[in-house]
Amino acid sequence: FKMDVDHGFYRPVDVPAHAHYIVAFFVLVIGTVGVAGNALVMYAFFCNKKLRTPPNLFIMNLAVSDFLMAITQSPIFFVNCLYKGWIFGETGCKIYAFCGALFGITSMINLLAISLDRYIVITKPLQAIQWTSKKRTCFIIALVWLYSLAWSLAPLLGWSSYIPEGLMTSCTWDYVTSTPANKSYTLMLCCFVFFIPLGIISYCYLCMFLAIRHASRDVEKFGYQVRKSTLIQQQSIKTEWKLAKIAFVVIIVFVLSWSPYACVTLIAWAGYANVLSPYSKAVPAVIAKASAIYNPFIYAIIHSKYR
């Protein structure tokens, strides 16, 4: 399969064959577990009416994006590793990278939506009664996908571009070439898809923690009458906090998966792309794609209804 070397689309890297096969093994495991695990979460959701609550629609959306991430990325990544290079051409690279961006960004912004939903329910329970509905939740999920679609389409429309990366067996946006378009896209993407959502999520959880602690102190301070009159509310907040804690674990794991990749892109953005070896770009990419496999295990361990 002849590549467009002249235009700098495909730059072969000199790495031993066993490096490609090791990556292929991990990609195969990630793909298999990601597809099977998230398919089970979706199956559980469709088979159990009790799970079809507005908050769990976000969980379902996360399972869908993770499932699509695993099924669109891992098989192609795996085959390329066996061939020790990108074999699907420039168009294939663009489609592959677009899907990876769309489903990865959707997962991150979906976690932001989950955090905001938990924040409203726990810190503003009266407003949450009007706020929480399946129709409104579906509307928010649609906005999550549209926001992610906008960022994913940008490199196809000329703001940066999609090219092979690392060991030249996967594709992503061009964060290595130092041009104004590439640098601005990398910075904006990291800010508006990773760091700003992460800041908002942190703020939401801090407020939730303080609200829970404040409610517990009120019960202790005012005694039995308050305890009796607010028992239902306390129980409700306790239930919502359980869901928030599950979401918090999911968020921590997701952030840890994508942080190495974010660091690599920012190192290149700062002008130090020359210090990045093919391995230092390939390994964070594999770790990031592994973010799609953890959530089914988290639900199975923590969430009794899913279990």
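Placed from the backbone N, Cα and C atoms, the Cβ positions cover glycine too.
Per TrEMBL, these features apply:
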type	residues	note
DOMAIN	37-299	domain 'G-protein coupled receptors family 1 profile'
TRANSMEM	20-46	transmembrane segment
TRANSMEM	58-83	transmembrane segment
TRANSMEM	95-116	transmembrane segment
TRANSMEM	137-159	transmembrane segment
TRANSMEM	185-212	transmembrane segment
TRANSMEM	246-270	transmembrane segment
TRANSMEM	282-302	transmembrane segment
Other parts of the chain folded back onto the transmembrane segment (246-270), taken as Cβ under 8 Å at six or more residues beyond its ends: 62, 104, 107-108, 111, 114-115, 118, 175-176, 183, 186-187, 190, 194, 198, 201, 205, 276, 280-281, 283-285, 287-288, 290-291, 294-295, 298-299, 302-303
Paired segments the transmembrane segment (185-212) and the transmembrane segment (95-116) in contact, 3+ CB pairs under 8 A: yes
Average pLDDT across the domain 'G-protein coupled receptors family 1 profile' (37-299), rounded to a whole number: 88
